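A short worksheet on the structure shown next.
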Amino acid sequence: MYNYNYSRGNKSMGNPPRFHELTDMPDNGASTSAAAGMFTRQDSLALAASLQQRDRERNPVDFMETQLDLDNYLQCFTDLDVPADNVDLNDAELQKANILYDDDSYEQPQLNPYERHVAYGPGFRNPGEYEEQDGYKMNFEVKTEEEKKPETMKTSKTMTTRRAIKRPSCYDDYQEEGETSLSDNDESVDDSYYKPKSSKKTAAAVPNFVPKTKARKYNLKPDKEKVEPIYKLKRARNNDAVRKSRNKAKELQLQKDEEYDEMKKRITQLEAELQSEREGRERDQQLIKQLIREKESTSKGPRKSSRNALESFNKSNY
């Protein structure tokens, strides 16, 4: 056990208490003292833990009034180039020290153009970008078609080559709900951004379809035969026949459409005539009923002249 008694020094003599008097240890560091040689790295960690525990238990008022030499504390931590084999993980301070040793330096994540657009917006510019004013000089030279051809070829080549953009490592841990982890062997990196959420319906096996019709036989012609003029003549005649058949089919379709429109107009006209005929029949039936009633009334009462009957008939018609 260490002699850890507090003793205030003689302030008038200017002799403050020394740390080695409190701990019975040498002044030149407990962990790497060449003279003593009794402490190793593991012992220095244990010593630091014991000193920290005693600092927690001591009276804070006495602790503030006494003078301590912090070189021993600093020496214990500066000599720890490699973490100890057996670390006391129950101690909170040692856990913090171990985390600091193992933690890598912070590196700013590299964003691709899409993530930069989402994070900073379309108007964001990196510092030092667009500083050269020469880039804004306008070029009024009109290029001919021959000069434009190599540029179009370059752009077409650049569009065909597709570069796989890797997702930054800082976004690998984040996954949305229902999203499955993807491997590079199954599909490309770009396809993983736009893959829809997996569903249980896709897991079901697709039934096999058996075609009921037979496909016509088609054999590809060799390149030598395609170069011959006879083959070109056959292809020209065939194309001409195909165009004629297509034009004829279009004409027949137009003729059918015209006949269909005429039939629709004729049907509407006949329906209107039929409706007018029905209305005329209804009027005739009502008139006949009215005449019968008048005849019955005249037979019971005084007779009316035939002239009055005809006048009433004409009025009802008009």
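Any Cβ shown, glycine's included, is placed from N, Cα and C.
The structure displayed is predicted, hence computed values, not measured ones.
Annotation source Swiss-Prot lists coiled coil at 242-280, citing sequence analysis.
The compositional bias 'Polar residues' annotation in Swiss-Prot covers 1-13 (among others).
Positions annotated as compositional bias 'Acidic residues' by Swiss-Prot: 173-190.
If you look up Swiss-Prot, you'll see 275-298 marked as compositional bias 'Basic and acidic residues'. Helix, strand and coil counts under DSSP for the compositional bias 'Basic and acidic residues' (275-298) come to 24 helix, 0 strand, 0 coil.
Sequence annotations record features per position, and here Swiss-Prot assigns compositional bias 'Polar residues' to 307-318 (among others).
According to Swiss-Prot, the domain 'bZIP' annotation covers 228-291.
According to Swiss-Prot, the region 'Disordered' annotation covers 1-20 (among others).
The region 'Disordered' annotation in Swiss-Prot covers 147-205 (among others).
Beyond the region 'Basic motif' (232-266), the same-chain residues lying 6 or more positions past its ends with a Cβ under 8 Å from any Cβ of the stretch are 226. The region 'Basic motif' annotation in Swiss-Prot covers 232-266.
Annotation comment: Swiss-Prot describes 238-257 (among others) as region 'Disordered'.
Summed and averaged per residue, pLDDT over the region 'Leucine-zipper' (267-274) gives 95. According to Swiss-Prot, the region 'Leucine-zipper' annotation covers 267-274, on the basis of sequence analysis.
The region 'Disordered' feature in Swiss-Prot is assigned to 273-318 (among others).
For the region 'Leucine-zipper' (267-274), same-chain residues at least 6 beyond its ends with a Cβ under 8 Å from one of its own Cβ atoms do not exist. Mapped onto DSSP helix, strand and coil, the region 'Basic motif' (232-266) counts 35 helix, 0 strand, 0 coil. Broken down with DSSP, the region 'Leucine-zipper' (267-274) shows 8 helix, 0 strand, 0 coil.
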